[in-house]
Amino acid sequence: MSTNSALSKYKFLGLFPLVMAQIGTSGDNSVLTVATASLLASLNATMSDIQLANIIYSLCAGCLMIVGGMVGLIVGWKKTFRIGAAMCAVGELVVAFSGNIFMFTWGGRLLVGIGASFLIPSVLGLIPGLYQGNDRAFAFGAIGAATGIASCLGPIAAGFLIDTFDWRIAFSCMAVYFTIVFVGSLLVGDVPLPEQKVRFDLKGTVVAVAGLFLLIIGISKIPVWGLIDPIAPPVIGGSPLVLFGMSPALFIALLGLITLVLLVRIERNVEKTYGSCLIPSSFLTTPQVRSGLYLTAMLFLCFGGSFFLVITYLQLVAGFSAIMTGIAMSAMAIPMIVFSMGIPKFSPDASPKKICRTGIAMVALSTIPMALSLNPYGVNWLMYVGLFFFGSGQGFVASQSSNIIAGAVNARDAQQSSGIQTATRNVGQAIGVAILGVVMLFSITGTFKDAALSSADLSSTSKTVISEQASIGFMPDAAFAKYIADKAANADDAAVLTAINRSTRQNSTQLGLYVLGFICALFWLSTGPLPNEKITK
């Protein structure tokens with residue numbers, strides 16, 4: 001059987017394992033999020049331990065996926081896919097049988113993170129090699145839809161398994177899931193290795209991993225450590241780590257950015273010398289590729305931002321369970337799935353520029369009804385209207401972004417772009433959560449203090465205590481009651497402060513949504529180089 005006939009036979013059937021891989025890696029975080037309360041009790045863990053377990057996965061994915069994009073060219077995309085699926089399955093199994101939080105984090109979560117760093121670049125690397133024309137656009141759209149499926153079904157499935165059984169069963173199911181992905185890889189056609197042998201770029205790998213690590217950890221810690229003034233900086237040797245009296249977060253992020261700028265210079269020399277490198281020059285010098293990467297970052301900035309703002313409000317204010325939250329978020333996920341796959345299938349000749357600009361406009365404007373839906377105790381129907389258009393806009397952009405990148409470069413670079421695409425996803429998500437985290441932190445603290453100090457119904461004693469608080473977090477009523485138990489002078493003051501907290505939560509989340517919409521609108525500026533006609537390369 002010829003290669004072409006084999007690819008023709010498996011091209012649609014083989015797409016299912018690729019979609020499943022994307023769903024699994026996106027859904028893994030849902031299980032950890034929903035399992036937080038159970039892990040705290042079962043493993044005697046703290047919230048800091050759980051946050052570290054989550055960060056380990058994100059850091060591995062963010063730092064190593066760009067490397068996975070090169071490994072696939074060296075050993076083969078299908079082999080890299082299977083290695084990633086196997087590592088994810090073993091990692092989930094280690095997590096499920098962990099007897100303590102150390103093994104959970106540094107055994108299981110680390111393995112899953114490394115596995116995902118091989119798995120997801122392979123998904124995006126296989127598609128340009130296996131599919132062409134309209135088929136490739138549809139395949140990329142299906143991968144975009146997979147993220148929407150995970151955002152909807154992940155919390156529902158995780159909530160059901162953990163509520164019905166326990167967290168170990170939930171992670172065991174994830175191990176079985178990735179095993180199915182591994183077996184399903186038999187259906188995936190392979191892509192021939194490049195004619196010119198690709199040399200592993202060790203120098204570029206070390207610099208890229210270091211730069212991405214510093215950038216992502218610095219950005220993600222801004223809401224915790226502070227932007228300029230230190231809030232809760234890391235403690236080393238019993239002393240808080242501050243630089244020139246300021247939070248270390250911005251310094252670390254800037255150091256990471258400088259390292260990545262240095263990486264670009266290094267990669268130019270490596271590519272000239274060996275003909276291949278970790279980041280080919282075509283990724284940076286081709287305007288269409290840059291636009292595609294900006295749109296990829298926007299998609300995951302939207303995911304991170306919407307989850308941070310909306311899910312937090314639904315669960316902590318409206319009291320939604322994980323299952324209820326998943327059902328609510330389906331208002332976003334379903335239109336995203338429909339448009340991600342539907343546009344390439346039913347409108348293959350549509351203008352990528354018009355589609356992306358329409359999507360950006362929908363995402364930006366959708367934050368208005370979402371913000372207006374908030375009240376001190378929950379949300380109203382406008383939230384679901386906003387989520388529908390938010391998901392629709394994401395679906396428009398997701399239907400084009402990866403294909404825009406792949407269609408602008410040669411076949412080898414199109415496959416290798418999988419690594420930088422996935423790294424861009426993680427950086428975009430980290431930036432989104434960091435910006436909105438800072439907005440929420442300063443907005444809540446400032447608004448709460450202003451309202452409390454200007455209240456005629458609050459005693460001077462309580463006002464003095466509130467004015468001395470360095471920061472005030474986003475808290476549900478029960479947690480806030482504990483927080484002010486020793487700060488309010490009397491029961492009347494406690495009631496006044498509780499009402500102020502409810503109003504502050506609403507106003508701060510509304511501000512966060514408006515900021516998210518404004519940031520998304522700025523991505524319109526990146527659409528100039530996008531093609532007006534169908535991508536045929």
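A Cβ is built for glycine as well, from the same backbone N, Cα and C atoms used for every other residue.
Residues annotated as domain 'Major facilitator superfamily (MFS) profile' in TrEMBL: 14-479.
Per TrEMBL, transmembrane segment is recorded for 12-35 (among others).
Sequence-remote contacts of a segment are chain residues at least 6 beyond its ends whose Cβ falls under 8 Å from one of its Cβ atoms, and for the transmembrane segment (55-76) they are 25, 28-29, 32, 84, 105-106, 109-110, 112-114, 116-122, 124-125, 190-191, 193-194, 198, 200-201, 205, 208-209, 212-213, 216-217, 220, 276, 278-279, 412, 415-423, 426-427, 430. For 55-76 (among others), the entry in TrEMBL reads transmembrane segment.
Tertiary proximity for the transmembrane segment (83-104) is limited to same-chain residues at least six positions away from its ends with a CB under 8 Å from its CB atoms, namely 21, 24-25, 28, 39, 43-45, 49, 53, 68, 110-120, 122, 168-169, 171-172, 174-179, 181-182, 185. Feature annotation from TrEMBL assigns transmembrane segment to 83-104 (among others).
Counting same-chain residues at least six beyond the ends of the transmembrane segment (138-162), those with a Cβ under 8 angstroms from any Cβ of the stretch are 15, 18-20, 22-24, 26-27, 29-31, 33-35, 38, 123-124, 127, 130-131, 169-170, 173, 299, 303, 307, 321-323, 325-327, 329-330, 332-334, 336-338, 340-345, 391, 394-395, 398-399, 401-403, 406. As annotated by TrEMBL, transmembrane segment applies to 138-162 (among others).
Among the features that TrEMBL reports, transmembrane segment is placed at 168-193 (among others). Residues 3, 6-7, 10-11, 13-14, 16-18, 20-21, 24, 27-28, 31, 34-35, 73-74, 76-78, 81-82, 85-86, 88-90, 92-93, 95-97, 108, 115, 119, 125-126, 129-130, 158, 161-162, 415 of the same chain lie 6+ residues outside the transmembrane segment (168-193) yet bring a C-beta within less than 8 angstroms of a C-beta in it.
For the transmembrane segment (205-228), same-chain residues at least 6 beyond its ends with a Cβ under 8 Å from one of its own Cβ atoms are 55, 58-59, 62-64, 66-67, 70, 234, 246-257, 259-260, 262-263, 266, 278-279, 423, 426-427, 430-431, 433-434, 437-438, 440-441. For 205-228 (among others), the entry in TrEMBL reads transmembrane segment.
Long-range contacts of the transmembrane segment (240-264) within the same chain, counting only residues at least 6 positions beyond its ends with a Cβ under 8 Å from a Cβ of the stretch, are 204, 207-208, 210-219, 221-222, 224-231, 233-234, 278-279, 284. Per TrEMBL, the feature transmembrane segment maps to 240-264 (among others).
Taken from TrEMBL, the feature transmembrane segment applies to 293-314 (among others).
The transmembrane segment feature in TrEMBL is assigned to 320-343 (among others).
The feature transmembrane segment is assigned by TrEMBL to 355-375 (among others). For the transmembrane segment (355-375), same-chain residues at least 6 beyond its ends with a Cβ under 8 Å from one of its own Cβ atoms are 295, 298, 302, 310, 313, 343, 381-383, 385-390, 392-397, 399-401, 404, 506, 509-510, 513-514, 516-518, 520-521, 523-524, 527, 530.
What TrEMBL records for 427-448 (among others) is transmembrane segment. Panel annotation: around the transmembrane segment (427-448), residues 58, 62, 212, 215-216, 219-220, 222-224, 227, 231, 296-305, 308-309, 466, 469, 471-474, 500-501, 504-505, 507-509, 511-512, 515-516, 519 of the same chain, lying at least six beyond its termini, place a Cβ under 8 Å from a Cβ of the stretch.
For the transmembrane segment (511-530), same-chain residues at least 6 beyond its ends with a Cβ under 8 Å from one of its own Cβ atoms are 287-288, 290-291, 294-295, 298, 301-302, 305-306, 308-309, 352-353, 356-357, 360-361, 363-368, 370-371, 404, 432, 435-436, 439-440, 443. According to TrEMBL, the feature transmembrane segment maps to 511-530 (among others).
Here the transmembrane segment (293-314) has Cβ contacts under 8 Å with residues 144, 147, 151, 283, 320, 324-325, 328-329, 332, 356, 360, 363, 370, 374, 378-379, 383, 387, 390, 394, 397-398, 400-402, 404-405, 420-421, 424-433, 435-437, 440, 474, 505, 509, 512-513, 516, 519-520, 523, 526-527 of the same chain, all six or more residues outside its ends.
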